[in-house]
Amino acid sequence: MEASDTEEFGVHAGAPIGGSNELLDVGQEDNQVTNSASQDTYRSLCVSFTCISLQMEEFLGPQAEYNEEEEERKYYRRKRLGVIKNVLAASFGAMIVYSVYMGLLQMQLILHYDMTYREVKYSNLGLEDIDRKMLMGINVTPIISLLYTPVLIRFLGTKWMMFLASGIYALFVSTNYWERYYTLVPSAAAIGVAIVPFWASLGNYITRMAQQYYEYVNYREEHVQEQKKLPKGACHRYIIVFQSVFSSIFNVSLRPAFVHPHKWRRASPRLPPPGANITGLIPGFNTTILERLPRSMLLIEVESILMGFAFLAMIIFLLLCGAAYRPTEEIDLRSIGWGNIFQLPFKHLRDYRLRLLCPFFIYSGFETMFAVTGFSLSYGVCVLGLDKLWLLIVVYGLSCSVFSSLSLSLLYFPRWVCLVAGAAVHVTLIVVLLALPLRPNNPEMLGPLLVISALWGLGSALNKTGVSTVLGLLYAEEKERLDFVYAIYHWWQAIAIFIVYLWSNLPMRAKLSILLATLLVACYCYWLMERRLLKKVSFRLPRIPRPRHKVKGYRYLEEDNSDESGSENSDGEEEDGKGDGAEELDREGGGGDQHAASGDSSPAAARRAAEVHHRRRDNVQAKEGESEERPGG
């Protein structure tokens with residue numbers, strides 16, 4: 001019984017025991033599958049993290065294919081191309097601005113000269129003398145420009161000054177949509193305010209681009225890396241090339257846009273006696289010169305086209321022109337004090353180089369105004385008629401543009417060649433104009449007058465490019481003085497244009513005599529300047545105060561400890577001790593080394609900055625360690 005019971009129990013009880021073991025085996029198999037899946041996932045994650053870490057290490061670690069010198073060379077090559085782009089953009093922007101200004105002014109003067117047009121348009125508005133007041137606003141306001149031009153350039157920056165001035169020219173165009181005293185006269189006065197800052201900032205910009213190009217070509221030199229003063233004559237060749245390119249492009253703007261006979265059909269006017277014997281510009285000229293009055297909608301369309309080009313010039317200055325100075329250099333230029341900025345233009349006139357170049361500055365304004373008013377009207381219109389005026393001015397403008405490239409000869413000849421050659425051409429032409437017998441309505445004189453116009457353009461090109469280039473060569477190493485120098489140059493030009501505005505009623509023979517006398521005096525003064533420089537006579541340059549870094553609103557690090565107590569006071573005491581009127585004597589250029597924090601972002605510059613930072617940090621840690629050891633020791 002017991003055996004059978006046992007057997008029965010074993011038989012019947014073994015089944016569930018055996019079944020339970022099979023279930024346990026199934027669970028163990030599921031656990032093994034789950035563990036193997038998790039292990040596979042873990043392995044794949046490990047492989048992924050390993051690949052990522054290897055990639056990060058490869059990216060952050062030293063790369064065998066990375067060539068620092070090659071990357072640095074490519075970087076500065078891009079910088080040089082950027083400088084060339086800046087020069088071309090500034091040249092085309094200035095050409096467009098001046099083309100718009102001259103085209104609109106010529107169109108308005110021709111329309112307003114016609115008595116019928118005046119009676120039709122202005123009979124009920126009382127604007128009979130609007131032209132005289134506009135010209136007065138344009139020519140009188142630049143007289144005080146020397147007071148505010150350096151302030152505007154240093155406060156706004158060179159690039160933003162060009163942009164703002166081009167915007168004022170666009171404002172002048174826009175006011176012609178609604179011709180009233182309260183629109184035209186204020187905009188004309190604004191043009192007069194902006195003329196000298198615009199041209200001074202352009203001259204400063206082109207010279208500064210030449211300095212930058214030299215720095216990017218010679219980026220390995222120690223004085224370039226440390227932002228020191230450039231060696232004497234280092235960037236002269238680039239100044240010559242860039243000034244020539246700028247003049248060649250800009251002088252295209254001297255051709256008129258809206259005096260072509262196919263656009264304005266003119267009647268044959270009664271011509272006055274021409275040449276050197278007349279008084280005024282075109283006395284006795286017939287005041288009805290338009291055969292048909294232009295439609296108002298046509299004038300609006302023309303002014304809209306001019307407005308579009310004015311906005312295009314603003315966009316070019318804003319987007320295509322890079323900054324002339326690094327941000328830290330801009331801060332240094334502004335932080336010398338407003339009182340010093342007001343005084344320094346006048347103090348720079350103590351430099352005999354600028355004083356002896358002033359007659360050439362004045363003659364530059366004289367001869368330009370004589371070409372576009374005296375010669376073209378008193379000779380061209382009175383001899384050939386108003387329908388040939390466009391041809392004379394086109395020949396003059398194209399001649400200026402083409403012959404501006406002759407200034408490249410300064411790469412191989414002395415710097416006086418351009419000025420002397422231009423003066424010789426103009427002296428010959430002035431004598432010819434004084435002696436040339438002319439009679440009115442003489443089409444046979446078209447050829448000789450076109451030759452005279454082309455030769456006058458040759459002399460103007462050599463004169464203007466020569467003056468700008470000589471200024472750049474004399475002050476090539478003085479970054480902080482360029483705005484003062486070019487402001488003085490264009491201020492004297494504006495004074496000369498104002499004198500031409502005042503002498504409009506003088507006899508033509510007297511005007512030519514003044515031109516000749518001014519040119520001879522300018523040549524003598526320039527010879528005297530070169531003679532003094534050859535003898536190494538010391539010239540006086542005003543001291544530009546050291547920039548105050550810790551003033552309202554900005555602070556940046558220098559290699560020396562600018563946060564050290566008493567450093568600011570010592571600088572101020574040093575400046576006060578020397579006085580605002582202190583000057584330095586220099587035989588070849590004056591001024592010490594200019595050191596400013598570099599805004600360069602090249603690979604080598606970043607590496608050098610990192611090394612300097614690590615050295616400073618190590619020094620600070622070493623000093624802290626010494627200070628901690630002293631109390632315990």
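Glycine residues also receive a Cβ, built from the backbone N, Cα and C atoms like all the rest.
Now, the feature entries from TrEMBL:
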- 559-586: compositional bias 'Acidic residues' (COMPBIAS)
- 595-607: compositional bias 'Low complexity' (COMPBIAS)
- 608-633: compositional bias 'Basic and acidic residues' (COMPBIAS)
- 555-633: region 'Disordered' (REGION)
- 83-104: transmembrane segment (TRANSMEM)
- 134-153: transmembrane segment (TRANSMEM)
- 160-178: transmembrane segment (TRANSMEM)
- 184-206: transmembrane segment (TRANSMEM)
- 238-258: transmembrane segment (TRANSMEM)
- 305-325: transmembrane segment (TRANSMEM)
- 356-377: transmembrane segment (TRANSMEM)
- 389-412: transmembrane segment (TRANSMEM)
- 419-439: transmembrane segment (TRANSMEM)
- 484-504: transmembrane segment (TRANSMEM)
- 510-529: transmembrane segment (TRANSMEM)
Sequence-remote partners of the transmembrane segment (484-504) [C-beta within less than 8 Å, at least six residues beyond its ends]: 135-136, 139-140, 142-143, 145-146, 149-150, 153, 195-197, 199-201, 203-204, 207, 280-281, 344-345, 348-349, 354, 357-358, 361-366, 368-370, 373, 467-468, 471, 475, 478, 510-511, 514
For the transmembrane segment (305-325), distant same-chain residues with Cβ under 8 A (at least six beyond the ends): 82-83, 85-86, 89-90, 92-94, 96-97, 99-100, 103-104, 157-159, 162-163, 166-167, 169-170, 173-174, 204-205, 208-209, 333, 479
Same-chain residue ranges lying at least 6 outside the transmembrane segment (389-412) that approach it to Cβ under 8 Å: 237, 240-241, 243-244, 247-249, 251-256, 259-261, 371-372, 375-377, 380-381, 418, 421, 446, 449-450, 453-458, 460-462, 464-466, 469
Other parts of the chain folded back onto the transmembrane segment (419-439), taken as Cβ under 8 Å at six or more residues beyond its ends: 273-276, 360, 367, 375, 379, 382-383, 406, 445, 452, 455-456, 458-463, 466-467, 470, 509, 512-513, 515-516, 519-520, 522-523, 526
Intrachain neighbours beyond the transmembrane segment (160-178), with Cβ under 8 angstroms and 6 or more residues off its ends: 90, 93, 97, 100-101, 104, 108, 152-153, 184, 186-188, 190-191, 193-194, 197-198, 201-202, 205, 300, 303, 306-307, 310-311, 313-314, 317-318, 321
